[in-house]
Amino acid sequence: MTILQAVNLDKHFGGVAAVTDLSFSVTEGEIYSVIGPNGAGKTTLFNMLCGYYVPSGGSITFAGKDLAGMETHQIAAQGISRTFQNLQVFYNMTVLENVMVGCHMRTRTGLIKAALRLPSVIREERQVREWSLEALTLCGLEHLADREAGSLPYGELKRLEIARALASDPKFLAMDEPAAGLNDTETVEMRQLIQRLKERGITILLVEHNMGLVMQISDRVLVLGFGCLLAEGTPQEVQNNPAVIKAYLGEDV
Amino acid sequence: MNRLKGFYVYAAVVALLPILFPDNYFVTVVGATILLNVILAVGLNLFIGYAGQISLGHAAFFGIGAYSSAVLTTRFELNAWLAMLVGLGLVYVIANLVARPILKLKGHYLAMATLGFGIIVNIILVQESSWSGGPDGLGDIPTLSLFGFDIDTDLRWYGMIAFFSLAAILVSLNIIDSRAGRELRAVHGSEFAAQMMGVDTVRTRTNVFVLSAMFASLAGSLFAHQQAFVSPESFGFGFSIEIVTMVVLGGMASTYGAVFGAIVLTLLPETLVVFEDYEMLIFGGILMGGMIFMPQGLFVFLTQKIRTVLNHRSGPSPKPQDAQKTLECDS
Ligand SMILES: Nc1ncnc2c1ncn2[C@@H]1O[C@H](COP(=O)(O)OP(=O)(O)O)[C@@H](O)[C@H]1O
Ligand SMILES: [Mg+2]
């Protein structure tokens, strides 16, 4: 079943066409990867998906709902979450608190209830802590829960962003270059983590430059070049596509 | 309870001081002013320190609270507590109305817009003399009374203000340690990521602006009854800056830091006579120096220094790894 559908998506910044006439659909439960050289428009696609950029044309539908006109927090409420290529960690909080923010949509306490610290608030705090530790454990970060987020090395910050997104219990997780800057061991751990997320039933939209990783775990791959769709298919099909080899993979060899 | 250990110690000191020194001017009069300023600083700290916004017009809300109490009790002979509530309601409405256009702005623009708002309110207080008394102000404001007791001595005022001041700190501590508080800090940390976690950041910023304005309104009402007199002078740009300085000096994003800032900045002019002529100059200097040399604030700066010294004595402690922050944004 299709969970995400993009139809004739366009985005230009003044004269720069970042995404052009892009259509694709993601099936529930799969790992769908988007690859392409730097500047191909992958992050722009993510930013349109989560309401940060307004598409210049076309539409995005999630679980049957048109996302047009929705603000980022409303899109998040549909069950979409993401991680960021340039980290957007809350550096003014501890690791655990970062993830606790992820539980925002699963809880209710507002300013007044919080000010009075009603018993329901204390109960909710306990629940949020539990959920957050669960997400941290899944990402292998539970031992760092009380550290200041700013004191973590890069690889762990990447996993922290995933834990934070997981805490919101998303149906769909968009990951922007989760393995960028990681060493080999960390990359293997990241692959295992992404696979665990898939096993939990989360649909994954993955942007990644590490071809080994992409070809190993993706169900389907979309290749972008200068904002246009070059090819789409299984890792096998994409790897053997002459247009792709010429335009993209060829450069890497 | 561990969470409130600091609060209980502070509350004990606030309660003990007037018992030990009931006739000391510094305790009952300067002390009461400090406690009043604590309400303002702690409230504004929620907006500036935690949510990472800026307001250079908070004296206006202090003024609206004060004038609501003054006008309603002198001209309409309304019960003082009711007048205080009306003031809070008025500030709630005004802050919400102002927030809508203003909070779309960020950084310098937000600073300028709140500055403008503060100036407008001050001009209204001066110009609308038919009800505000104009530049001469309004006098003969009745005092508060509680259970039939008039709050008519310095000591009683100290107690009254201490009660609200402690309540303000408790409310701030409670909020910060909750979903609502994390929402504020998330907006400060990364507004985009906060939105992605489902936070309606425009609403968050509006709510905390309104809340901090209501803290100021409450302080204003207390101030009006305590002084029995109000004039526009007390609610000008200078005082807005003074509250911001308290927050910044004490350390952004720390409730106790804001308390500390309020104490230091209230005591300074009382202890240094030379201050009178150069007040603004010195506040400006403290603000600039603080931002440059101690961006985390004097309070945090000092507590860290003390901790380092203590740690040194008890042997070396593991150094936290340096933060690897990516400052640029995904936009
Ligand atoms: N906010 C923006 N303003 C102007 N141009 C942008 C903006 N965001 C992206 N672009 C441009 O859009 C193109 C695609 O960028 P991006 O989506 O970041 O690529 P990728 O993530 O695939 O490396 C690039 O040419 C980039 O310069
Ligand atoms: Mg990118």
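From the backbone N, Cα and C atoms, a Cβ is placed for every residue, glycine too.
Annotated in TrEMBL:
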type     : residues  : note
REGION   : B:312-331 : region 'Disordered'
TRANSMEM : B:7-22    : transmembrane segment
TRANSMEM : B:28-48   : transmembrane segment
TRANSMEM : B:55-72   : transmembrane segment
TRANSMEM : B:78-97   : transmembrane segment
TRANSMEM : B:109-126 : transmembrane segment
TRANSMEM : B:155-176 : transmembrane segment
TRANSMEM : B:206-223 : transmembrane segment
TRANSMEM : B:243-268 : transmembrane segment
TRANSMEM : B:280-302 : transmembrane segment
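Residues 40, 44, 47-48, 78, 80, 82-84, 86-88, 90-91, 94-95, 110-112, 114-122, 125, 131-132, 138, 141, 209, 212-214, 216-221, 223-225, 230, 232, 234-241, 243-244 of the same chain lie 6 or more positions beyond the ends of the transmembrane segment (B:55-72) yet place their CB under 8 Å from a CB of it. Simply put, out of B:7-22, B:155-176, B:243-268, B:280-302, B:155-176 has the most Cβ pairs sitting under 8 Å from the transmembrane segment (B:206-223). A Cβ distance under 8 Å defines the sequence-distant neighbours of the transmembrane segment (B:28-48), meaning residues of its chain 6+ beyond its ends; these are 14, 17-18, 21-22, 54-55, 58, 62, 154-155, 157-158, 161-162, 164-165, 168-169, 172, 175-176, 184, 208-209, 211-216, 218-219, 222-223, 226, 243-244, 246-248, 250, 252-255, 257-259, 261-263, 265-267, 270. Where the transmembrane segment (B:155-176) meets the stretches B:7-22, B:78-97, B:243-268, B:280-302, the count of C-beta pairs under 8 angstroms peaks at B:7-22. Outside the transmembrane segment (B:7-22), and at least 6 residues removed from its termini, the chain residues within Cβ reach (under 8 Å) are 28, 31, 35, 155, 158-159, 162, 165-166, 169-170, 173, 256, 259. If one looks beyond the transmembrane segment (B:243-268) by at least 6 residues along the same chain, the residues whose Cβ comes under 8 Å of a Cβ in the stretch are 6, 10, 30, 33-34, 37-38, 40-42, 44-45, 48-50, 52, 54-56, 58-59, 62, 169, 172-173, 176, 185, 188, 216, 275, 282-283, 286-287, 290-291, 296-301.
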